[in-house]
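Written below as structure tokens is the structure these notes are about.
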Amino acid sequence: MSSPVTESAPMPARPLPVRYRSTKVRRQRVRAAWYFLAPMLVTLTMVAGWPLLRTLYFSFTDASLSDMGDTLFIGLENYLVYDDGRWFGVLADPVWWRAVWNTAYFSVVSVSLEVMFGVIVALVLNAEFKGRTLVRAAVLIPWAIPTIVSAQMWAWMLNDQFGIINHLLMTFGIIESPIAWTADASYSMWAVIMVDVWKATPFVALLVLAALQMLPKDCYEAAEVDGIHPVRVFFKVTLPLITPALMVAVIFRLLDALRVFDVIYVLTSNSTSTMSMSIYARQQLVEFQDVGYGSAASTLLFLIIALATVAYLYLGRKQLQLGGE
Amino acid sequence: MASVTLDRINKVFGNTHIIKDVDLAIGAGEFVVFVGPSGCGKSTLLRLIAGLESISDGELTIGDQVVNELPPRERGVGMVFQSYALYPHMTVYENMAFGLKLAKTAKETVHERVMSTARILQLGELLERKPKALSGGQRQRVAMGRAMAREPRILLFDEPLSNLDASLRVQMRNEIARLHKRLGSTMIYVTHDQVEAMTLADKIVVLNGGRVEQVGTPQELYQRPATRFVAGFIGSPTMNFLPARLLGADAEGCRVDAAGLAELALPQDASGHAQGDGLTLGIRPEHLRLTAAQGSEGFEIVNVEYLGNEVYVYLEPKQGDTLLIQRSEAPSPWSIGQRVALDPDPEHVHLFDADDRALPAKAARAAA
Ligand SMILES: Nc1ncnc2c1ncn2[C@@H]1O[C@H](COP(=O)(O)OP(=O)(O)OP(=O)(O)O)[C@@H](O)[C@H]1O
Ligand SMILES: [Mg+2]
């Protein structure tokens, strides 16, 4: 009870004796933490856990939208089954894999663009100029408009016959004949990405702006006195210091993008060239009435997002540890 | 190492005039300290020299070059900030090397400079640590090292010790003094701590409300304060002030009558003032001698503070409520409740006119 105290106290690397870990105060704190977490956990179980389990259950059945009561358990057949010399199921459907690829492509490209533009916009908003409070509020407008509304707005602007974008481009002689932005497979993905970037950049910008305003101002003055070029200061000082905020922005946006539905559905409906995983699942579930098959797709979507999140958090923590300590 | 000259420097923020007509000549290699109460513009003046604020009016010369329009990096200054301003995500080594790398300095030179600076400041074991793993004094040394490693012509310090505890302050004060001897570079140092000012400075600049009150060596400021403000600001405990009246001026000096004191014959030249003019008499606590008073005359001792090596005696005048302080070596024969008369030494009495300017002493003029 006496000697190890002085020995182990200054060395946090060595595991602490048990009695440090479970003191009375600590037990009380843990209990208090559970009390505070309990309502949240109960709510989550009801609104997230239950639907998730139901979906998982349906994915193993042949449930259909018209007859939900009379379902048969069919195991993994919705996912993959070998029958009559051919493979069936979601995992054997090229359209599903196309949707996976589309979603990944959309997520990576749009989130990268949003982060890039978001940082630029935040840097501009962080500068001192007249009326910047007004500009800050104005920049948020795309984020404040419901996606359905803004997507519809863009759908009209991008309309091949009456859209203002084609009109403008033709007036300035940049294109000769109207382009079917949302229908032409070679443009539609980019149209979708552009609308998403337009909408989500303000969100990233705001998160980054908050981080920028927390930065130590005197460090910048020190850099100024030392005569360090602003670009170098940005990459060597600003960027490392806002990385945690950027990581938060990226994970939010990534989760959003991986389950993207509304922008794509409004702009291009069920077109395969832009179909995302969510759109695929909805099509199976609602249009083809196949709840079992649609649930299987939804479950896979959930697994992919969960995996991406875990991988991202793991890599992020690893990188922070390397850079931070 | 370079000289710095300020010629009628002014700084206006919006419509507040912060720095007013500051003239100052700082010699190459000098250690100059700006002191003054909070908000008097010390930091602003330093930032004007560094180039972090633009000069509203006047001319700033470094070496023989007018630098008003030059950005900080071309002025050849290094600055140590009050908050240290270390880059939180860089190690001590990187913090010091960061400012060096840009100057197209060769890699080996950067390394050498960082290592030799680290040696001078005893930062050797800390080079791989991040600022948050350092104590206040260590951070302070890193901040100094970062400024020094670039070998600037002028080093600027903005209250670098104000976040440290008292004993560390004394230690760092000594280190800065030694550093100045060793490097010989021009240093401008801002503080509101008069002990730092007195101990470090070749030359002290006392600022008040954006103006220069007085410039001089620590001895000059202490022995011949030019204004009542300087007299009150320099010295601890502060100088005692008593209202006084001019009785007459003559060839030797003047005679004054101060509240509670006997008539005094002083060496000051009061020829510009009329008989009966109101003056302020100033005397430092160590120059007050106490004698036992008769009856209800003089001052009452209201408190005696024993500090080990010396004793402060607090005196309450008959009228007015500002206490006077007398300082003497311990032990003191006085105790609370006794009545005493003051016997000031005329050689050490200061007189200030209605505008708070000191009256010059005739003896000093004759000696000069
Ligand atoms: N950017 C600014 N805009 C407007 N006023 C300012 C600005 N910077 C400083 N001031 C004002 O200038 C005055 C002097 O400030 P300064 O920081 O130079 O004081 P200081 O002498 O360094 O005080 P302290 O000892 O508290 O550090 C203060 O009244 C302050 O409010
Ligand atoms: Mg200051």
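Using the three backbone atoms N, Cα and C, a Cβ is placed for every residue, glycine included.
Record features, source TrEMBL:
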TRANSMEM  A:32-53  transmembrane segment
DOMAIN    A:100-314  domain 'ABC transmembrane type-1'
TRANSMEM  A:104-125  transmembrane segment
TRANSMEM  A:137-158  transmembrane segment
TRANSMEM  A:190-213  transmembrane segment
TRANSMEM  A:233-255  transmembrane segment
TRANSMEM  A:293-315  transmembrane segment
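Within its own chain, the transmembrane segment (A:32-53) is flanked in space by residues 302, which lie at least six positions past its ends and keep a Cβ under 8 Å from the stretch. Comparing A:104-125, A:190-213, A:233-255, A:293-315 for CB pairs under 8 angstroms to the transmembrane segment (A:137-158), the maximum falls on A:190-213. Long-range Cβ contacts of the transmembrane segment (A:190-213) within its own chain (Cβ-Cβ under 8 Å, at least 6 residues beyond either end) map to 106, 109-110, 113-115, 117-119, 121-123, 125-126, 136, 139-143, 145, 147, 150-151, 154, 158, 181-182, 238, 241-242, 244-246, 248-249, 252-253, 256-257, 260, 263-264, 267-268, 274.
Sequence-distant neighbours of the transmembrane segment (A:233-255) (same chain, 6+ residues past either end, Cβ-Cβ under 8 Å): 107, 110-111, 114-115, 118-119, 123, 200, 203-204, 207-208, 210-212, 215, 219-220, 223, 305, 308-309, 312-313, 316, 320, 323.
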